[in-house]
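To start, the structure itself, in structure tokens.
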Amino acid sequence: MIPITSVELNYIVFRYLHESGFTHSAFTFGYEAGIDKTTIDGNLVPPGALVTFIQKGIQYIELEANLSGDLKLIGVQSDVDTDEDFSYLQPLDLITKDPYELHNIVKAKKENLRQNKSEANNKVNDFSQDAAKEHALEKDKERKERENEHEIDKTKLEKQREQEKGEYKEIQHPDQNDAEKHEDKIIAENIENGTCGGPEPMEISQSCIIPPSDIPTCDVKVLEGHTSEVFACAWNSSGSLLASGSGDSTARIWKIAEGPFNTSVLNEPVKVVVLRHFKGRTNEKSKDVTTLDWNGDGTLLATGSYDGQARIWSRDGELRSTLNKHKGPIFSLKWNKKGDYLLSGSVDKTAIVWDIKTGEWKQQFEFHSAPTLDVDWRNNVSFATCSTDNMIYVCKIGENRPIKTFSGHQGEVNAIKWDPTGSLLASCSDDHTAKIWSLKQDRFLHDLKEHVKEIYTIRWSPCGPCTNNPNQSLVLASASFDSTVKLWDVELGKVLYSLNGHRDPVYSVAFSPNGEYLASGSMDKCMHIWSVKEGKLVKTYTGNGGIFEVSWNKDGDKVAACFSNNIVCVLDFRM
């Protein structure tokens with residue numbers, strides 16, 4: 001038997017978690033198992049390796065049971081009989097039972113099957129003749145009914161055509177008459193031949209037939225180049241540059257043409273700068289780009305990696321600095337509004353504020369007892385952090401203790417976001433709730449409990465005071481593993497709309513800059529765009545992989561989505 005080491009097993013388990021979309025679990029497991037220190041060539045490990053490995057193991061156990069059992073009853077049987085025998089067994093039987101027990105299970109089930117077949121055959125012999133007669137009568141009756149329906153349909157269609165010709169005769173182009181006659185002839189022939197089903201035949205438009213909400217491919221620019229899942233994407237404040245981060249140890253900056261997409265734009269190659277996070281081997285899983293963020297004026301891009309390093313890049317792809325102090329993967333990176341500090345949160349349980357001018361860390365905050373999952377600035381000097389330890393801390397540069405502690409979640413806190421004014425903090429958790437907090441009190445203001453599974457992320461609408469949409473009401477959106485997105489009235493703490501269009505976990509939501517639309521991306525491969533005012537679906541795009549993140553450009557006329565099948569799509573959005 002070929003042995004498998006614990007290191008190899010850990011690696012394929014890590015890959016399984018990654019491929020299945022369990023991002024946090026994958027990073028945490030990989031960090032604890034030391035995946036970044038392995039010498040395994042990830043390019044040689046095919047997708048679905050763990051499942052294949054288990055299937056092969058079950059096949060081996062089947063073979064082992066076949067060779068070790070009673071040769072007269074098992075070993076001498078044909079391959080067909082052996083396959084039939086193993087169809088009576090469950091996978092857990094093969095793992096938990098020895099060959100003798102497996103043989104007895106197969107023998108007992110075969111005997112039961114023979115008895116059932118014998119009883120069934122007796123009943124069939126008694127009633128077969130009557131059943132055959134009844135079947136023949138039913139068939140004849142159905143045939144006559146179909147003929148009558150076809151005649152009625154044909155008459156209805158002819159009357160309908162005559163009526164339409166009378167109504168539209170004056171405005172028709174002369175050349176259309178022959179075409180309509182030809183179309184009538186084809187449909188009538190189809191009815192006579194039984195190829196047109198249903199009581200009301202429909203006219204089919206000759207144009208591209210798609211549901212009203214579907215985004216056509218002519219409005220989609222597909223960006224190819226990444227060789228692994230694309231976890232993150234973000235638009236530059238200029239609107240034309242899109243950054244993406246991937247499990248292939250690279251980030252990329254794409255130059256997207258402004259204005260509506262047309263044939264020439266869709267066909268011409270996109271200018272792209274590749275930001276490599278490795279030296280030498282291209283399969284280093286320790287260099288996965290897990291998060292990225294542009295600074296306020298769009299001149300610098302920060303990337304966070306599985307190797308625990310943050311990197312600062314120019315918009316032209318030049319590496320400006322490498323920030324190295326974390327001892328575990330970085331899950332979250334945020335610039336403050338002023339752009340002089342960068343904030344990072346890591347699996348090593350800490351958050352670090354970096355001074356961009358010096359390229360050095362300014363302060364490390366070590367308050368959490370478990371991995372830090374998300375960070376978010378309140379203003380230029382204070383921020384919040386959340387963790388798998390269920391806690392939320394509000395911190396300030398220069399302070400050695402949190403200035404506020406929020407406890408109340410009963411599960412991992414996956415994301416936190418300050419509202420545009422910096423007065424309200426929203427959080428979401430594995431405990432199926434989202435909560436809204438205020439610095440004025442210790443207990444949450446609202447406990448939002450409509451979801452039935454883990455809530456992965458939240459977003460505030462860019463509305464109300466301190467925004468470009470001061471006359472619109474502030475709304476909070478939450479995305480959950482229960483496949484729904486919910487919009488919340490933050491004053492009342494009640495749900496406004498439950499957006500029920502996805503079929504799998506929703507990983508990302510983003511409001512358009514004008515606050516009128518919300519984009520959502522799910523593992524069901526769909527990106528939906530919803531009307532915030534009406535709570536209705538207005539546009540849909542279906543790709544070929546699960547969606548990890550969606551992002552609007554500054555003008556709100558393009559939406560980017562990054563997929564698990566290694567691509568990024570940019571959708572032209574116009575209502």
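Using N, Cα and C of the backbone, Cβ positions are placed for all residues, glycine too.
Taken from TrEMBL, the feature region 'Disordered' applies to 135-181.
Sequence annotations record features per position, and here TrEMBL assigns repeat 'WD' to 223-264 (among others). Helix, strand and coil counts under DSSP for the repeat 'WD' (223-264) come to 2 helix, 19 strand, 21 coil.
Under the heading repeat 'WD', TrEMBL lists 282-314 (among others). The average per-residue pLDDT of the prediction over the repeat 'WD' (282-314) is 89, rounded to a whole number.
Among the features that TrEMBL reports, repeat 'WD' is placed at 323-364 (among others). Listed by sequence, the residues of this chain that lie at least six past the ends of the repeat 'WD' (323-364) yet keep a Cβ under 8 A from its Cβ atoms are 24, 27-28, 30-31, 288, 290-297, 300, 302-312, 370-377, 379-381, 383, 385, 387, 395, 397-398.
Residues or ranges marked as repeat 'WD' in TrEMBL: 406-447 (among others). With a cut-off of 8 Å between Cβ atoms, the residues of this chain six or more beyond the repeat 'WD' (406-447) that come close are 24, 373-379, 384-388, 390-394, 453-460, 462-467, 474, 476, 478, 480, 488, 490, 493.
Residues annotated as repeat 'WD' in TrEMBL: 448-498 (among others).
Outside the repeat 'WD' (499-540) by six or more residues, the chain places 21, 211, 213-215, 453, 456-463, 467-469, 472, 475, 477-487, 546-552, 554-556, 559, 561, 563-564, 569, 571, 573, 575 with a CB less than 8 A from a CB of the stretch. Residues or ranges marked as repeat 'WD' in TrEMBL: 499-540 (among others).
Tertiary proximity for the repeat 'WD' (282-314) is limited to same-chain residues at least six positions away from its ends with a CB under 8 Å from its CB atoms, namely 14, 23, 27, 30, 35-37, 41-43, 227-228, 231-232, 234-238, 241, 243-251, 253, 275, 320-324, 326-335, 337-339, 342, 344, 346, 348, 354, 356, 359. Assigned with DSSP, the residues of the repeat 'WD' (282-314) fall into helix, strand and coil as follows: 3 helix, 18 strand, 12 coil.
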